[in-house]
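Colleague: Shown below is the structure under consideration.
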Amino acid sequence: MKYDHLLVRYGELTLKGSNRKKFVNQLRNNVNKSLKGLDGFVVKGKRDRMYIELEDHADINEITYRLSKIFGIKSISPVLKVEKTIEAMSAAAIKFAQQFEENSTFKIDVKRADKNFSMDTYELQRELGGAILKHFDNISVNVKRPDHEIRVEVRLDAIYMYEEVVPGSGGLPVGTGGKTLLMLSGGIDSPVAGMEVMRRGVTIEAIHFHSPPFTSDQAKEKVIELTRILAERVGPIKLHIVPFTELQKQVNKVVHPRYTMTSTRRMMMRVADKLVHQIGALAIVNGENLGQVASQTLHSMYAINNVTSTPVLRPLLTYDKEEIIIKSKEIGTFETSIQPFEDCCTIFTPKNPVTEPNFDKVVQYESVFDFEEMINRAVENIETLEITSDYKTIKEQQTNQLINDFL
């Protein structure tokens with residue numbers, strides 16, 4: 001079947017009132033960015049639907065795949081746009097039926113947005129079903145459990161006919177909900193947390209704490225790859241890599257061993273808080289899950305959060321670990337997340353970290369050293385990378401450069 005349009009159904013933005021135009025415009029911009037590099041199509045965003053007009057050479061499968069990854073889209077259907085005459089509709093219905101297997105069953109489903117159309121729903125079903133039955137002897141109707149369902153939408157401008165409905169990613173268009181800073185560790189949880197807030201229309205930049213030589217270049221490349229996977233959904237993402245060795249060593253030098261994890265997290269939050277103000281973000285996002293590890297109890301969260309007045313969003317707070325793993329596999333980050341390269345949160349983990357840290361104690365331990373200068377130095381020396389969906393890892397870039405230099 002050669003389709004001439006893609007019908008794109010909106011997600012939650014259909015619930016928006018006077019702001020709907022803003023959401024539709026943002027979604028159209030996101031669609032155009034996602035389809036960059038492809039040709040043979042024209043995007044037409046309307047208030048209630050988006051239509052993508054296809055030329056003969058358009059790669060409909062690739063376009064549909066990319067659309068399915070965009071937040072704000074509920075579903076996509078390859079459609080035939082048909083004139084509002086029974087003759088044109090019957091001819092299109094026969095085209096669909098030509099693709100059916102022998103002895104298969106079908107039904108006609110009609111939705112009339114144009115209530116002034118000359119035929120009602122039942123009449124259309126009868127006429128189109130009758131046209132198919134007259135043309136084929138080995139096809140029958142089954143309205144309860146059909147093998148095929150031809151869907152017909154009667155709209156003001158034309159008739160749209162289709163069979164397939166491809167699920168989209170739902171949510172709201174990225175860019176409509178403000179900017180956040182994602183604390184990206186390299187584990188399973190934080191990429192999922194980033195994906196969850198992006199699904200609510202939020203733009204993200206990511207921050208990662210790197211402690212060489214205790215953490216390897218492979219750990220850094222792992223985080224770059226996780227960012228690249230997230231960028232497949234939303235376009236380029238800035239990744240801020242913080243040189244954290246000096247701060248982490250000092251924490252382990254002056255803070256009681258049971259409190260080093262709490263204090264380390266507080267230092268991370270202080271660095272993140274400064275970066276939030278630099279980039280104009282409105283919140284910090286992390287993958288914390290209540291009670292999962294020692295640093296994620298309510299007592300720990302209270303002690304850690306105390307260093308910032310910036311809102312901290314925890315979209316995975318109440319998830320079961322198995323739920324997070326399932327989502328990680330769905331979004332394509334799981335296999336990268338489980339690569340055995342340690343991050344700075346795991347290399348200095350104490351044997352018996354405190355699970356209910358006393359806030360006054362952690363402040364007392366940190367008071368023996370003025371960390372502010374180190375924190376400012378870490379922020380000043382941040383390495384910022386813009387990660388795109390086709391971003392090559394540092395190792396690949398270096399290898400290519402060496403090859404080019406050699407040649």
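Heads up, the Cβ atoms here are built off N, Cα and C, so glycines get one too.
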Colleague: Out of Gln278, Gln296, which is the one Swiss-Prot records at the ATP site of Met183, Leu184, His208, Phe209, Arg265, Gly287?
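Modeller: Swiss-Prot lists Met183, Leu184, His208, Phe209, Arg265, Gly287 binding ATP, and from Gln278, Gln296 it also lists Gln296.
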Colleague: Using DSSP reduced to three states, classify Leu184 (ATP binding site) as helix, strand or coil.
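Modeller: In the DSSP reduction, Leu184 (ATP binding site) maps to coil.
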Colleague: Across the record's ATP-binding residues Met183, Leu184, His208, Phe209, Arg265, Gly287, Gln296, the largest CA-CA distance in angstrom?
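Modeller: For the residues that bind ATP, the greatest Cα distance is 18 Å.
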Colleague: Let me know the most crowded of the binding-site residues, choosing from Met183, Leu184 and counting other Cβ atoms within 10 Å.
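Modeller: Ranked by Cβ atoms within 10 Å, first place goes to Leu184.
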